[in-house]
Amino acid sequence: MEFFNIYLLPVGINFIWAAHQVHHSSEEYNLTTALRQSVLLSQILWIFYLPVALIVPPAAFLVHFQLTFVYQFWIHTEFIKTIGPFEYILNTASHHRVHHGRNRYCIDKNYAGVLIIWDRIFGTFEAEKEEDIAYGLVQNINTFESLQIQYGYTFSLLKTVWSTEGWRNKLSLLFKGPGWSPGKPRLGNTEDIPEVEFPVKKYDPQVPFLYNLQGSLHFFAIQATYIALQRNQHILPPKVLYGVIMYIMFSVTSIGSMLDRRPYAVWLELLRCALYIPADYYFTPWIFVANPAYYKTIALLIRGLFIATGILWLKTVFDGRSVKWNPQKLL
């Protein structure tokens, strides 16, 4: 019941939805969607777990908490259709697909974490229909830039609150549903939700193979760096820790802009390659301090990757200039 209430909150309160919408922003529905999580949501929802501390021992809560999230990871799939009679009790992949859909019948349905019985009891249950489900947000974000995905809706909400007249309306924008506006019900009108047009055209800017490849390789390099950073965080000086985090954030933003085909992506990528030289000199020995042999191998591979990437982007710039490069068509 506690998890039902906590998962109902993000879609019923706009300022919490601003964080949770990150999880719903993917137009795909697979196991990677389960990992698409908000940075802000964990800083909000702990408040709602506090009452549990009055009656549940910490050890029991932690075991329950972890098992619940492990279970929810596996239901983010289209591979499993139904699981027979368990559909009446458990929140299954079929039920959760509805929760992630942007079809009208899917909106504000199936909040359950593990037990679907709570949705059946409170009238928020909706079974999966024969029609295809379109995943994502009612108004999709259409970007791969991580910072925009994480914080774009939050800034848009704050801008709307600032420009709205009247304190009652300002507070309503924050504490009522994301579909609310003056004169509408708390959660908005279902009729305002646009019908899904089939076939669904997903956001998919066409990027040449070499750029996709270098983006993927850099993502794996970022993952290796982050894992090493996490393992050694307790022995790293704060300026090293924060410096590497800032470089990682800049990197995922730059790669995202490249996948979006933004006109400024070429300059971000060239800047990122240039900044790697001082970053490698100062930060890399610290990050891999606990495993110098591993550091030498990884550092060599990453340096080679950055050299190849720098050459690729320089070639992009010079080739573009030679044919009067149009900055609106990056690649």
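Even glycines carry a Cβ here, placed using N, Cα and C.
The DSSP breakdown of the domain 'Fatty acid hydroxylase' (15-124) into helical (H, G, I), extended (E, B) and coil residues amounts to 66 helix, 3 strand, 41 coil. For 15-124, the entry in TrEMBL reads domain 'Fatty acid hydroxylase'.
What TrEMBL records for 216-276 is domain 'Alkylglycerol monooxygenase C-terminal'.
What TrEMBL lists as transmembrane segment is 44-65 (among others).
What TrEMBL records for 240-259 (among others) is transmembrane segment. Outside the transmembrane segment (240-259) by six or more residues, the chain places 143-148, 205, 207, 211-212, 215, 218-219, 222, 225-226, 229, 233, 265, 268-269, 271-272, 275, 279, 282-283, 286-287, 330 with a CB less than 8 A from a CB of the stretch.
The feature transmembrane segment is assigned by TrEMBL to 294-314 (among others).
In this model, the domain 'Alkylglycerol monooxygenase C-terminal' (216-276) carries an average pLDDT of 92. Applying DSSP to the domain 'Alkylglycerol monooxygenase C-terminal' (216-276) sorts its residues as follows: 50 helix, 0 strand, 11 coil.
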